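Participant: The NADP(+) binding site annotation in TrEMBL covers B:LEU21, B:GLY22, B:CYS23, B:GLY24, B:VAL25, B:VAL26, B:GLY27, B:THR28. The feature NADPH binding site is assigned by TrEMBL to B:LYS117. Sequence annotations record features per position, and here TrEMBL assigns L-homoserine binding site to B:GLU202. What TrEMBL records for B:LYS217 is active site, proton donor. Positions annotated as domain 'ACT' by TrEMBL: B:363-436.
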There are 2 protein chains.
Amino acid sequence: MGEQSSEPHKSDVRPLKIALLGCGVVGTEVVRLLVTHQADFAARVGVPLELAGIAVRRAGRRRDVPVDPDLFTTDAAALVRRGDIDLVIEVIGGIEPARSLILAALENGASVVTANKALLAEDGATLFAAAEKHGADLYYEASVGGAIPLIRPLRESLAGDRVRRVLGIVNGTTNFVLDRMDTEGTGFSEALEEAQELGYAEADPTADVEGFDAAAKAAILAGLAFHTRVLASDVHREGITEVTAIDIESARAMGCVVKLLAIAELSADGSGVGVRVHPAMIPRDHPLASVREAYNAVFVESAAAGQLMFYGAGAGGAPTASAVLGDLVTVARNRVQSARGAAASTYAQLEVHPMGETLTRYHISLAVDDRAGVLASVAAAFSRQGVSIQTVRQEGRGEDAQLVVVTHQAADRALAATVNDLEELDSVREVTSVMRVEGLGDK
Amino acid sequence: MGEQSSEPHKSDVRPLKIALLGCGVVGTEVVRLLVTHQADFAARVGVPLELAGIAVRRAGRRRDVPVDPDLFTTDAAALVRRGDIDLVIEVIGGIEPARSLILAALENGASVVTANKALLAEDGATLFAAAEKHGADLYYEASVGGAIPLIRPLRESLAGDRVRRVLGIVNGTTNFVLDRMDTEGTGFSEALEEAQELGYAEADPTADVEGFDAAAKAAILAGLAFHTRVLASDVHREGITEVTAIDIESARAMGCVVKLLAIAELSADGSGVGVRVHPAMIPRDHPLASVREAYNAVFVESAAAGQLMFYGAGAGGAPTASAVLGDLVTVARNRVQSARGAAASTYAQLEVHPMGETLTRYHISLAVDDRAGVLASVAAAFSRQGVSIQTVRQEGRGEDAQLVVVTHQAADRALAATVNDLEELDSVREVTSVMRVEGLGDK
């Protein structure tokens, strides 16, 4: 790739040509940074990078990007097939046409950088197979945790270690909502409205608040951590719409805070993995508890490294563009030396265990009759399902009598069955709060 | 290593041969993990890894490692020159013989993984030039922050971004000592003794408490963040031996905690970098403030990504081995496909500014006479040096009268000169505490 001796960006060096698919919030920022720091990119890659085309949905729209307007095209399919494109950046999102465009790009020998979590978690295998077949790179740091380096540390830095558990706050919208509920005592709807006003939540917040976004990211993280193919549909998913002010208050009473966690963990015998997204209480002194507002963080427990945490802005145009461009530099360098980065590693092919078999622990608040024998009947309901109680405490008297139970670890199925049984007990007037507890250790 | 077909480690695949230099705490753990997870390494690299020799200082010592005793040799120089070695792991530490051995390994075409911060910060340029010349990889994730992925994120993930500042807690011993001083109110000597009893500090703690260890790491981080060659000797260094219980108490009074920080930052005009290690007060709500005991964390501010933090165990056999083996997998994969990872990037060659020119802010406590005109004379001392005061408050009366001053940002030289001037003032009985303040923003 060039005959030069010392300086990499002489005029006789062929630049690498980039096609950008999508020019929304992230794409605009990618263009701005590519143009502004052109010389830095050339120095870091070894050859100049040239923006050769930008595919957009609608032509003629006024765009605030400092490039030749002739670069814009509405024909993305023709752009990726042009034959002279070395690198393709996909920031359209969604399944189609993103998938077809990425596949066409790989077939044409281009390396691809994508931020598309939904596509990777639904059909990553097809994309990775195509990259493998055509000897191209497929990088996706921006798909999880925005600017936070996560993919690369999991795929490369921890490649000599054994990950046991990944616990992540990977959705900024829900973290913002839960943080507001915690700090201001507001209910879910009110906190969501505030998030929408501030631009942290979309007009249709379903993908975020129902946990779909986090589930796609959980699938990607689980696949990397355990060298196993995991789909978004493998992930047990519960959103935050049913989290109440009572739940938040119950968490506070036991020194915890409620977070929407994406969890991927090896089963105790190492035979399978559990992957799940749900709200959970975590102790306030856990490193994840201090992740405020719309920030993201991923906490990793591994055999040799111990506990690691990665923290930063999980979304937004500039942070996502930072991750995209970090990948772009790597795939461009690989291209210069005709090499490829680490391919998808799924050699372990562990079974994904159903949620019912996953070991969890529950925090349960019950409104009960304040009379002798109630505790005995409640305790019996737990023991019938083989669930062991760690602590139980009574709060209030008479009309306000509450029992608060925290269990030891048990199969989630047994815990759920226990809650059903409790609802049937005469002495239990209402199950007022049920939530899993994480970060207390395996007991 | 198995005759099966679809798997990449067929019997006709030549294994990659590894020479391990040093078999202390880290080396022992490296051997244990390599042997225990042999099949995983083969799957992740694509070919088996074979431990071909282990160089130790003393032969015949009983070692708790599960390998053929014939692998041990006291002739490290012969081992790296054997001709069949693909990968060399250097965990001896120190300048010599580590440097000569690494250079010999590279000259013989082997790729090298090292944890040697002192050597990299003193003479990294020679090593990188040799790696470049002989087409080999030189990886060093374990040199800073133990198991925490830092080198790779800075070198690769942020390659498309512009780092503005790196603030790190990169020495576990000093963080443990300062944490104990903060939580238990003990003095420096007492906290250091406790650290020594618990194995967090060495019998001769000089390298840690005087900041030499942190300065080497600061040089490495600064070089990566700013694409510039920085030596340990370029780093302004102050240790924690003069941090007093009064300093810790003063920090607490203003909602801060004292940490030994490694700081690398771009100057305001982008023309140079400042690199320094010294104790500083940081606000208790700063993410670095919650880094307790012997943990490490590095906080990065960059133009597009915003704020990132990386947290984990900064030392110890297993965490360091995790980082070494992550690098080993990468350089082994590169070897399999005859590629090289990113080389050292020093294209920017920014000037390293002297400490006196670096902008800092000071927290200064003064024992003063309690009479009219004192504040005026103190304020005049600041203004003579062109230093602007952000807040000043009086504490105590009469004999116990104290003035506590927090400045705006100013050149460190002007701040130091101000302290000298204050010591000469008749109305100032004693300058009781002087410390820089970080993490308050640039004002």
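Cβ atoms are placed via backbone N, Cα and C, with glycine included.
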Participant: Can you give me the same-chain residues 6 or more apart in sequence from B:VAL25 (NADP(+) binding site) with a CB-CB distance under 8 Å?
Facilitator: B:GLY316, B:GLY317, B:THR320
Participant: If you count the C-beta atoms lying within 10 Å of each candidate's C-beta, which of the recorded positions B:LYS117, B:LYS217 ends up with the smallest number?
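Facilitator: Among the recorded positions B:LYS117, B:LYS217, the lowest count of other Cβ atoms within 10 Å belongs to B:LYS117.
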Participant: Is B:THR28 (NADP(+) binding site) helix, strand or coil when read with DSSP?
Facilitator: helix
Participant: Can you count helix, strand and coil residues in the domain 'ACT' (B:363-436) using DSSP?
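Facilitator: So the domain 'ACT' (B:363-436) is made up of 27 helix, 30 strand, 17 coil.
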Participant: What are the other residues, in sequence order, whose C-beta lies within 8 angstroms of the center of the C-beta atoms of B:LEU21, B:GLY22, B:CYS23, B:GLY24, B:VAL25, B:VAL26, B:GLY27, B:THR28 at the NADP(+) site?
Facilitator: B:LEU20, B:GLU29, B:VAL30, B:VAL91, B:ILE92
Participant: Hey, how far is B:GLU202 (L-homoserine binding site) from B:GLY24 (NADP(+) binding site), Cα to Cα, in Å?
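Facilitator: Between the Cα atoms of B:GLU202 (L-homoserine binding site) and B:GLY24 (NADP(+) binding site), the distance comes to 15 Å.
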Participant: Would you kindly give the Cα-Cα distance separating the residue listed as 'active site, proton donor' and the residue listed as 'NADPH binding site', rounded to the nearest Å?
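Facilitator: Approximately 6 Å lies between the Cα of the residue listed as 'NADPH binding site' and that of the residue listed as 'active site, proton donor'.
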Participant: Which of B:GLY22, B:GLY27 has the fewest nearby Cβ atoms, counting only those within 10 Å, among these binding-site residues?
Facilitator: B:GLY22
Participant: Please list, in sequence order, the residues in the chain of B:VAL26 (NADP(+) binding site) that are at least six apart in sequence and whose C-beta is under 8 Å away from its C-beta.
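Facilitator: Within the chain, B:VAL26 (NADP(+) binding site) has Cβ neighbours under 8 Å at B:VAL91, B:ALA115, B:ALA142, B:GLY317, B:THR320, B:ALA321, B:VAL324.
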Participant: Far apart in sequence but close in space: which same-chain residues, 6 or more away, have a Cβ under 8 Å from B:GLY24 (NADP(+) binding site)?
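Facilitator: In sequence order, B:VAL91 meet the Cβ cut-off.
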Participant: At the Cα level, what's the spacing in Å between B:GLY27 (NADP(+) binding site) and the residue listed as 'active site, proton donor', rounded?
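Facilitator: Rounded to the nearest whole number, the Cα-Cα distance is 21 Å.
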